[in-house]
Amino acid sequence: MDEGKIGNVEMICLLVNAIACKAFFTSVAAVVEKVGTAGWYMVLISDIVAIGVFSQMYALSKAYPGKNLLEIYDDIVGKKVGKVLSFISCIMLFVTVSITLREFTDATNVYLLHESPPGFIVGMFIIAMVTVCFLGIEGLGRVAKFLSFILLFNFLIVMVLSYRTFQGYKLFPILGYGLGNTVRHGIMRSSAFGEFILLGVFAKALNNTKDLGKIGYKSLIIGGLIISIVLFSVIISFPYYVTTELADPLYIMVSLIQYGRFFQRIEVVFIFTWNLSTLIGLTAIFYGSIICYCHVFNIKDKKPIIISFGISTYISTLIVPSISIILDYIVPIFRGYGWIGFYTPIFISWAIWLLFRRGKQTNVEKS
Amino acid sequence: MQKKSWWDIFIYKEKTQNQQFELLESKEDDSNVSSWGKHRAGKEAYIYVDIKRNLRRIKEDFNIPKNADITIRKLKICGHIDAFLVFIDGLIDKKMMNKVVLKNLMLETTGLDYEEENFIDALVDKVLNVGTIGKSNLFDKIENQITNGFCALFIDGYNKCLLLEIKDYPKRNIEKAENEKTIRGSKESFVEDLPTNISILRRLCKNKNLIVEYMNIGADNNIGCALVYIDGIINPEIPKELKKRINKVKSESILSSGMLEQWIEDSKWQLFPQVLNTERPDRAVSFLIEGKALIIVEGSPSANVVPITFFNLYHTSEDTDLRWQYGTFISIVRLIGTIMAVFLPGFYMALVLYSQEMISSELLASIASAREGVPFPTIIELMVMEVAFELIREASSRVPGAIGETLGIVGALILGQAAVQAGLVSPILIIIVAASGIASYVIPDYSLSLAVRVSRFFFIIMGYMAGFYGISIGMFVYFAIMCSIKSFGVPFMAPVAPKLRTSHDIIAVRPIDGMKYRPDKMNTLKKQKSK
């Protein structure tokens, strides 16, 4: 299968969608529940933590130019341990797809397709993901770029049109449930940005791996800003105790837009933003998990794996019987402790490289 | 004659054999179907020194005397040397044949020395006053040229044949472009005759680097085609790849540019065209200047252009002919039309079936009251109307001009009105179908228009299945496929995805002095087209 090459903007679009699509679902309510009105800057704290970890990954990619993150693991810790680290990344990405897709399915079920069974919604979504994965990273990157600017425009329009519901006083108390609490949750929930590892996984698809740092920092900053804007606008639209009760506060906020008798209920614009952003983001994560899996088991051709991965995703998405279990147990655990799975392989590799390999590399370069 | 009597009906008579023709599979295999194929199996066949063997071979190859229009004219040159001319009656200029070729060969060769080493050259230099004369010693080549309208001269004792270009056959005059009409642009269009088309291009593009390469397409039919490009601008890999693909065509039935297009395109499974077809020479020249290549097939009144992008299919020559403000305006109108043509019926389906709350109360009441008496579900209603619209469109394009227009009006007005009055469809649906149908007419390229018409049905089904969710799923897959298409290595959605430097005429057109650069995606040798 032809992997293809993508440009920097295309990669940024993929990463931003993968990171920011979570803002459309239950995460907003969950964040407000944990930190109250401080949610909008808690996200920025998470983002800073993620940028710190990304810097470590960037250091590794600079030390091993032209290689992707999985090959770097193999080089630093050896093939066997490297495969284990790659497998951890594969599982983390796979679980991210399943959980976010389940959140998306339930939100769609509640707000859009009331009578459709979740299996139908998930099935259609997975068929789209699988089809686009067959086109390779090139097709995926290009469609991400093609749609992202339209989505960003829609998003901004919706935000601007919602200004009538904004009430500045709802932002107070500005420290939410306390600064310490906000910082602690900010650090813990930094896994919300863990999708940046996709950049390492897709590194070889870039025209120039030297731009990896630029792409990563830009993606994390843009993704963080989008989530922060969403949280900010939701917090100033609803009292925080109401926000915690809403499955999809952003959708509710958009449905309140009303300008005259005809220009109201324009959720349709938002539905496209919500759906397409999730489709782009989750397809990128899904494709990333396939690449990791193929690397672990030395599979050259991804084609046969794509469909089986699609079926596995379908099953894992629907395996949890109800949305309450997802919201009360799985999502909080995954968001709270997901950083362990996302960051541990990078930490281990970076530490070993720093302690044992860096000196050797410097000696080789000098000689 | 025996007289028939009434008791004859009781007498048994053997039935007369049924004379009805039935086409059964031939017992012969297809290796000998082509008379040329027999000789082609081995090495290339050279002509003989002995004229009798050459004559026998030609007769055999052209199935003479079964083949009635192949003419063999025997004659003697220098008074005593046997020679013969072979040509196809109807493809040559008879006046030229009688007054120049035959007359000169029979009367003006008396002074020539037959024993002379360069006798053939002397014939060309002194006797045959014909513009183009070629020489060949290969039967294949000679026979191809005879079918192209050349006259072949075989002379006894020489293993070379002279090919005299005295072509003349009836052809259509240059007329107005039928399908790509413009208000201000040039009115002339390509015709079926290849040399005429090339002459039009030469007239419009007075560039000494304009290269015209002639090639034959197909296995046996040997239809000629011309590969046209501007040397020094085009990326040299494009003509190379184009020639490779044309040479790979093994079909015997390439009769038009449309058929060739399907043979040389990158992917045969994509819905969108990867080769542009234009009947306008001025548009073809503008593509040449951008660094693209043209393929003009003999017998087709149009040129194929490669490589192309979606935006080449979307634009007309009017966009640049007009001032930038007007060009931008019609370009935006066309974009709205394209979006409506693809998505409008699907959106209607999604709104009516799944998201009624998004329609304002007044409009919802209007739609509901209009649909009250309709016995069919919305999907059937919409599909029936869409199919009816496609039927009217197809029928009106197949019948002669004036009746076609009448048919369109009768179909659209009377049938639509009658369907509403009979309560079979709602008036709002007629508006939706008509609006999307009219919108699809703004798409200038016929192939793209067909792709859009097919896509519309896909989005109707997606809208029916899952409302806006289904449409967004469809959009994602649809655009991803569009973004992954390539035409001769150029991404179909360039310069948008991937983003490339361009002359800023994707949708909004810049003032003409701002359009300095050739499209970046073409990787041309000269990047700038104006300073």
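Using N, Cα and C of the backbone, Cβ positions are placed for all residues, glycine too.
TrEMBL annotations:
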- A:12-32: transmembrane segment (TRANSMEM)
- A:38-60: transmembrane segment (TRANSMEM)
- A:81-99: transmembrane segment (TRANSMEM)
- A:119-137: transmembrane segment (TRANSMEM)
- A:146-166: transmembrane segment (TRANSMEM)
- A:186-207: transmembrane segment (TRANSMEM)
- A:219-242: transmembrane segment (TRANSMEM)
- A:262-293: transmembrane segment (TRANSMEM)
- A:305-331: transmembrane segment (TRANSMEM)
- A:337-356: transmembrane segment (TRANSMEM)
Take the transmembrane segment (A:146-166) and find every residue of the same chain, 6 or more past its ends, with a Cβ under 8 Å from one of its Cβ atoms.
13, 16-17, 226, 229, 233, 236-237, 253-254, 256-259, 266, 269-270, 272-273, 276-277, 280
Under an 8 Å Cβ to Cβ limit, what residues of the same chain, 6 or more beyond the ends of the transmembrane segment (A:81-99), are close to it?
69-70, 73-75, 194-195, 197-198, 201, 282, 285-286, 288-289, 292-293, 295-296, 309, 312-313, 316-317, 326, 330-331, 334, 338, 341-342, 344-345, 348-349
Counting a contact as 3 or more Cβ pairs under 8 Å, with residues at least 6 apart in sequence, do the transmembrane segment (A:38-60) and the transmembrane segment (A:12-32) touch?
yes
Give me the stretch from A:119-137, A:219-242, A:262-293, A:305-331, A:337-356 with the greatest number of Cβ pairs under 8 Å to the transmembrane segment (A:12-32).
A:219-242
Any chance the transmembrane segment (A:305-331) and the transmembrane segment (A:186-207) have 3 or more Cβ pairs under 8 A, given the pairs are 6 or more apart in sequence?
no
Which residues of the chain, 6 or more past the ends of the transmembrane segment (A:337-356), have a CB below 8 A from one of its CBs?
49, 53, 56-57, 59-60, 63, 69, 72-73, 76-77, 85-86, 88-89, 91-92, 95-96, 188, 190-192, 194, 197
